[in-house]
Every structure is written in structure tokens, then in C-alpha cells.
């Protein structure tokens, strides 16, 4: 097909057709018999041409430029038309270059559906875009790039203007969509009018964004808002230049305000909840010539209906709180931010200071309100710091780790409350839950409460994730050596009712031995699962963790591990699991990382479980999980039979004594007094009453009190040749230690055996310095004894104090 373009000389219009950048010249323009790669048609010319291909839109673009002089001649007010007609279907750009005096600015008025400003590099959905440039003398300022369907209805510019319209080759648009409305001096760079109807959100940018607002310039945005609506301004991206004189600022003219214009810094929270129309101006400054910097601004204006409860204020009294901040925000903040086109939930700390995020500091009282249709979208995140510098001042204080009532009274769901507990060296932190106790969340036991605690201990080298805990368990106390962060997280709306049950406490305690120590006090017949910290990443190298399990009276605990081995290989050092009952002389069970963990076993007393890590090889990690169950103690049948046998022995002795007495009465021999100098005639009493102190002799040292020895003088007539010895027996009642078993050193002697089942030699006999009872008995070898007496000795023997050496290990 052939095309004819005829330009009138008076229209001052030029048409240029040329190849698209980066496209090969496989298609050409033919004028008669001449082949060209581009074509330029000037005013007054008439040209007929054809293309050598059927799809010229793939290869060529077109630029149509019209020059308008509003300085020396009359300005053509009214609609601007697309001229000339019947152009080839190519991607084309219309350019209107309008010359105007700086004393008489130009006003461009856009027809509905108006314009929407976009960021540089962004494309319009229909690929139709407008670009507005202001020309002052020889300087050109890019006012912005716009798409159709927006709120920008008019633009007033100082001096001339270069207006561009970009149309794709298949666009059906036949009108320019704007007109030159007026000439008027505005004494500023430009005025952009934005008309907003109904609930909406718009984004606007300063001229030359993001390159920088011109030096010492002033521009204004006029927002036309229905009086029944409320508008709020939010700055999302801005930067400041380096000013030599004046100061960069934003000024608002709000009808009805008592202080027009209201002046704000760009860093301030901007006005919100504005009723009706208002103006906003951006003022630059004189910049430093050597380092001017960049002044730029991207902001958002949100228009909403007045909220029903916008005049309802909520009192938040944080005057008695210390080191605490409360942040009210949308759900998902800060990682999830809703689109700027979506009406927002706004939080206001006064009628005109509102934002999507509001942070309240402790030590003050706030009255806040909400501009939000759905408060369920809002959340509360709070943080409180507790520290100790002087232990002597902190040691007796107990801090309550509960959510303040001032927060719980707000009609917003609490998302997270964080306590940051700081302690200097040699001061540790103890967490207790006296009433509810804590349950460690593991796969085998889920949390059923509406909230849980995540506890993290920060060491200088690494972070120890202690675990996730919820109320209603068996853990009474957790002691940790380093600074701690406790995060309370809520699930659903049930926390409002359950928040009154919080009983988590914190105190500062002296230095402890392990990185972390748990005190577990289960309920009778309970089954408790416990696992080592940092479960998903493994216990850090060289870290030692202990659990102290309290076994209820009349109960037996059964301890078992969830796997057979620790599952690691050590590069440096050794990893150990230690188990020891908290009773005198208890054996300590030790397992190394290359050994099988102990099989399930019964524990009759409170006991310790300790795990100490080495430096693992490669990526192997130490994770330990064990369980403890409880059952009532069963009376042993052997004990019952032993008690019956013992009672029978006593009855037999009693009958023997009676028979002896009867024989003495029948003899009726006269009583003869015999003096025996070897008999101690001193009455039993205090230690000081003995002529010779007991530690000076060994007459009282024994391991067994034999029934035959104690009562032997009743079985045989006394003949005066035996000098009875006097002794005292008192069972050991010394203190029992509460420290966890010490982990074994990383190197051992070769003769050490682990968990030996062989019996040890009897421990050495110990003496006692003060006793309450004395017994007279005959020396061994002088009493006629039966074979049963040796058996009795074996049954009744008990060491007074057992040796600390167990299984070849020395504590």
C-alpha cells in the first residue's frame, strides 16, 4: 500500500520515519524508484511512499513534532489534535514544543480519565504514555511520566513545555487527551492538580525523580478531595541535598487550620486524617556547589471514608514501664507490606498524626485511635529490656515476665512480646514457672495453649536456641549462663483469656557450671520428653547441658533414650552422657559418643542427666532426646519374706531368754558380786564424759552389728572371763549434693572401665565421733556360733560411708 503525507506550512509540523534502534534494514522505504532507510517530511511538503515489506511496524518508528509559539504570537488555546491524519500504522511519538514566557506560564488540562504518574522505567498497561517537560530558558526539567486512568487533571508550568504522547502502532486513540487551557504566572516551577473521588490511593513524585529536584525551586500539589472524605499523606522514599542556605521543607495549606502554612521536615510524620481539599508544597534550598546532593521525594496520598470509631480513643498507660517499646502494625509487617493502591489501616496518636506503623515508648501515656475498617488486620509487637549491672542489687529481685495490662486492653491481637535479659560476666539468669511449669515442645508432645515461649541464649561465639516452651508441663526452672532473649508468641484469640494465668519469673543468680541447666519436676505417672537445645542445628561444640529430674516420693522413674547412639564423630575431644542418682554413693553411668547409650533403667531417687559435646567432625551434630515415665513403687516379696524371717529370729531369741531365766530360778544359788576391772562402768552420755576420747582407739570401728554379738550374753552363762566392749552405732545422715555430675575429662587412664558390673572391694571403715546408743558384745571367736550366724551377717551388713570411686572414675 502507498501512503501520502501532506503538511501545511502554517502547521509548523515535521514528520520523521526511521528504523527502530537495533533492527536490521531488511525493510526499506520506496519513493518512486528510490530506496531509503528513513524519511523526513518538512512543513509544506507532500510525499507519497511505500514500504518494501508487509510488516513495516516491526522495523520503523515515527516521530511527529509540532512547534507552537506562545511568545511572539497568539497561543492556540483549546484541544490539541493529532495531526496529520492517515499516517502509517507505526509506533509513533507526538511531540508538542510550546514556547512561552516565564512571566506567563502554561496550563495543560487533561480530559477524563485523567493521568497517573509512574516511576521511571515503569510501563503503562495499554502502552500509551505521556511525558511532560518544563523548559525555563535553556534548562529542561522532567515533570514526570504518566499513564491514562489516574487522578492528575491539570498541570501548570512556568515557561515553555514539551509534551510527548507515545502510541503503539495498533492504538485506536484518535485524540491527544489534553488541551492548552490558559496562560497565567504561577511564580513556581509547576503546580500539579490531583482530583480524588471516593476511596483511593495515589503515588506522586517530585520533578526529575530520582535524579534530583532543581536547586532552590518550589512546586505545589493541589489535592481536590470531597469534604466528606479524609486524606492522609505518607512519604515512602526521599533524600536531602546539602544546603548552604535556607532549609528543605514541606508546607501544607489546610483549610480551617490555625497555623497555615503548616511546615514539616521531610523526616517528620506527615499530616493525616485531613478533611477535604488541601495543598502541599516542596521547597528546595541553595545547594553546596562542591557536593550538592540530591533532593527527591516519592509519596502516597490515601483517601478514605471517615471511620465510625475514629473519635474513639484508647488509653495506653506506659508511664510506669521502663525500657519498653510497643509497636502497632499491620499483620505481616515488615516483611509483608500491602500494595500502595490498597486503603490502609491507620493508627493515630493524635487526630492528625497517623501512620501504618505506630511505635510507643515507655514512660508516657498515649491516647490512640484507629482509622481502619477491620482491626483484626492489626497486630502488637512489644519489646522490654531487663539488665543487671551490680549483682548485689539484683540478686534478691524477682522480675515478672508477663504482658502489661495496658497492652492487653487494646482491641488488637498481641503478636509477639520479647524480653531481652542482659547480665554481665559471672552473673547468670534463672527462669522459673512456679505454678504452671513449662513443657518443651517436641514432636511427641504438642503445645495446646494459645501462646508459647521461644528462649534463645546468646553466647560470645554462637547462639544457643534453648527451645520452644509452653505452659502446663514439668520444667520448674531453667538456668542459663549468658544473655537471653525470650519471645512470647500468641496463636489465635485465646490469649486474651489465658493471659491472666502467666506466671513466668526471672531472677539473676551466681555463676553456674553448665551452659544451661533444667530442673524438671513431673507429675506422678507422667511421661515427659526432653531434648537438647539447638535441636535443628545440633548442640554447639564444647557445650554442656544438664537436667535435674525430681522423682516424686513413692514413685519410680524410668529413663530411656530415643535412639541408641549420639550419632556424632568427634574431631577434637570427646562427647559424653552422664547419668547419676542424687544419693550418697550412687554409681555414675558414663557413655562416650562411640558407645551405645544406656538401655531404659529404673531410677529410685532424684537424678542428673548431663550431655557434654566435643567438636564434631564434618556436619554431624549432637542431638539428644530422652523420656522419663513414672510409676508407683511396688513392695518387693523378698523384702516381705526377710521381714517375716527377722521377726521369727526375734521370737526364737525371746523364747531362749525365757528358758534361761527359768533355769536360774530353779538353781536358787546365792548371788555373788564379782568385780571386773576390764568393764567400762561409765554410763552412756556425751563425748566429754569418756575418760579416753573415742577417736583415740578403734574399739568402735565396725561395719556390721551382728545379732549374735549383741544378744550373745543371753545365750551363754557369763563366766567372768569375757570383757565386753562398748560401742555406738549411728547411721550416716550427711548432706546430699545438688550439683550435676561432673563430665569426665577428655582423656582417661587405660585401666578405667565404663559401667562395670563387677562388685568392688568393701570400702574402708569410717568412725563416728558422737553416738546415741551403746551395745555390749563379746569378742569374736569366744562365742559358740552356728552356721546361720554368718548368713545373718551377710544380710545385715551396711557400709557407713561408701567410696566416691565408682567404676574406676574419680569425681
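Cβ coordinates come from backbone N, Cα and C, glycine included.
The domain 'CDCP1 second and fifth CUB' feature in TrEMBL is assigned to 79-182 (among others).
The DSSP breakdown of the domain 'CDCP1 third and sixth CUB' (188-291) into helical (H, G, I), extended (E, B) and coil residues amounts to 0 helix, 52 strand, 52 coil. Residues or ranges marked as domain 'CDCP1 third and sixth CUB' in TrEMBL: 188-291 (among others).
Per TrEMBL, the feature domain 'CDCP1 fourth CUB' maps to 315-403.
Residues or ranges marked as domain 'CDCP1 second and fifth CUB' by TrEMBL: 413-500 (among others). Mean model confidence for the domain 'CDCP1 second and fifth CUB' (413-500) is a pLDDT of 88.
Positions annotated as domain 'CDCP1 third and sixth CUB' by TrEMBL: 514-627 (among others).
Annotated transmembrane segment per TrEMBL: 637-660, in sequence order.
If you look up TrEMBL, you'll see 757-811 marked as region 'Disordered'.
In the domain 'CDCP1 fourth CUB' (315-403), helix, strand and coil residues by DSSP number 7 helix, 41 strand, 41 coil.
In terms of DSSP secondary structure, the domain 'CDCP1 third and sixth CUB' (514-627) contains 0 helix, 51 strand, 63 coil.
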